[in-house]
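Below is one structure, written out as structure tokens; comments come after it.
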């Protein structure tokens with residue numbers, strides 16, 4: 001799965017000429033793989049005692065999912081919520097990476113950051129609009145503030161399992177391909 | 001009317017609600033029993049669908065307080081806490097269940113639960129709801145045959161949970177109906193499975209349960225569905241086995257046929273043995289002389305007769321028991337009998353030693369004691385007998401006077417010839433005895449002299465006697481005291497002599513009648529010395 005995701009990234013970066021529409025990536029096994037790695041990072045972080053903390057509080061997306069509320073949102077709102085959350089997580093994890101001194105955790109964080117980029121590419125393949133980061137560093141609505149690495153990785157995991165997965169499941173491009 | 005209708009509707013509604021509640025309670029208790037075994041933490045919580053979540057704990061009846069003493073509080077991550085209304089249910093074994101049903105369910109966020117009893121925290125737990133699913137068993141489990149031997153197709157209806165279909169895993173349990181030991185097959189994100197490797201013509205029990213894969217969602221294995229019993233198809237003949245069996249059988253049949261053909265002569269000889277014929281014993285009898293025995297005898301010497309195999313055979317003469325004596329006519333004038341001629345006599349001139357040897361092999365040596373010593377036949381005696389016969393034929397002795405023997409001698413003869421007397425006279429003396437025919441006479445108690453018995457084969461057959469070794473004394477020489485007795489001595493040499501009048505179709509018209517009957521009949525024109533009737537055992 002890791003190789004598959006890497007191959008997707010390479011193809012995306014090395015494609016010649018005009019950008020051609022990406023083939024929709026609807027196989028959730030890719031996301032499952034990312035979720036597994038996120039869980040591994042969280043478990044490792046729980047056992048870390050030193051050299052594995054955030055230097056400052058960071059904004060992270062809310063992971064709460066009420067299915068009734070979620071189904072009331074349209075696809076665009078869902079996509080924007082997910083893409084915003086992915087951006088926030090990338091920012092927070094990058095900050096964590098700079099403050100990490102534990103080598104084992106550093107590898108996990110690197111994987112997680114790469115996976116977030118892959119998920120962004122998957123969303124792009126599903127014709128979701130590119131996310132434009134906000135100008136302000138203050139977290140938009142619907143965000144939380146976390147101050148520990150454990151909380152950060154927990155949010156990261158829950159976000160992938162929840163909203164990201166729901167968005168991919170309901171992606172229109174995947175629905176058309178299935179039919 | 002309106003009020004009554006409303007009352008009825010209300011009663012019906014309450015009844016239905018009560019029934020539903022009872023059903024719900026029953027289902028809850030069933031799931032609670034599963035969690036009581038599977039979940040070590042308290043409170044024990046599970047989600048049945050995406051929109052409900054239940055927590056409970058169990059306490060003994062004696063130790064439990066009233067529901068008012070307890071408080072159940074819960075708080076999602078980054079939110080304020082809430083309180084859940086508790087319900088009390090009584091369970092088996094004197095237990096109480098305190099149950100909380102959350103009215104607002106949020107997933108993918110941490111939920112903190114605290115239970116207090118009279119202000120004292122008794123339970124504390126943090127959990128994620130999407131990881132505590134306890135689903136209902138799959139419904140509409142259907143088991144059918146796939147059309148192939150040893151296979152069953154199992155299908156079911158997955159729990160209707162959106163976004164969770166690809167996360168469900170199923171276990172299919174199947175076992176023989178009469179056994180509790182079975183096998184479990186797992187499958188993910190699919191609502192049907194083919195069971196293979198089953199025994200033919202066997203009844204199987206199939207059950208299914210469901211759980212989540214643990215990646216995005218997780219939980220406990222549901223209860224097993226209600227068992228479904230199905231019998232597999234009967235065993236079919238594998239075409240390869242059938243063809244191989246046919247080929248092997250064909251090869252075996254070919255081998256058997258080859259063996260049979262190679263030994264067909266032996267088998268035919270054993271299964272259908274040839275009926276022995278006397279042709280080989282009597283050279284040219286049937287080929288040259290057409291069965292005319294008399295002519296054949298005439299053309300052949302006596303030695304030929306004597307050299308015939310059955311004469312030389314070692315067959316034992318049958319014992320002949322003399323039952324009574326026949327007092328015959330006073331003797332004719334005749335030369336004295338040879339002192340050692342009181343033996344059974346044949347007209348066979350040669351091969352005396354052979355015949356006597358044959359006699360001595362018999363069991364009834366005692367009865368044939370007259371034949372034991374000195375040879376039982378002598379040429380002199382033969383000539384005397386022939387002379388006597390000729391004389392008798394020329395001058396038949398009246399009945400009252402006929403006798404060639406002394407009164408105390410015993411004579412035996414057989415009846416049955418219907419040939420003419422003239423023919424007899426011509427042929428009698430020239431004939432030889434049929435094979436294996438012997439006389440036996442009882443030694444008279446008083447007289448030292450012995451009369452010879454003569455026996456001449458009657459070459460004509462009347463048809464009355466069809467035995468193998470019948471003979472007849474020819475010429476009405478002897479008169480019987482009682483005409484109803486017939487003697488017959490038989491030495492069975494195993495050779496069947498067909499003396500029937502119709503024995504040879506070629507011989508019809510020829511005067512070849514050799515048949516003699518065993519019947520106890522005495523032709524009226526012949527009254528030989530039929531002394532008495534002896535039981536004859538034909539060994540042939």
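Glycine is no exception: its Cβ is also placed from the backbone N, Cα and C atoms.
The signal peptide annotation in TrEMBL covers A:1-19.
Less than 8 angstroms from the CB of residue A:174 (disulfide bond) sit A:24, A:26, A:126, A:168, each of them six or more residues away in the same chain. Annotation comment: TrEMBL describes A:26-A:174 (among others) as disulfide bond.
Annotated disulfide bond per TrEMBL: A:48-A:52 (among others), in sequence order. All protein chains shown were included, and the count of other CB atoms within 10 Å of the CB of residue A:52 (disulfide bond) stands at 23. The DSSP secondary structure for residue A:52 (disulfide bond) is coil.
Each of the disulfide-bonded residues A:26, A:48 was ranked by the number of other C-beta atoms within 10 Å, and first place falls to A:26. Secondary structure at residue A:174 (disulfide bond), taken from DSSP and collapsed to helix, strand or coil, is helix.
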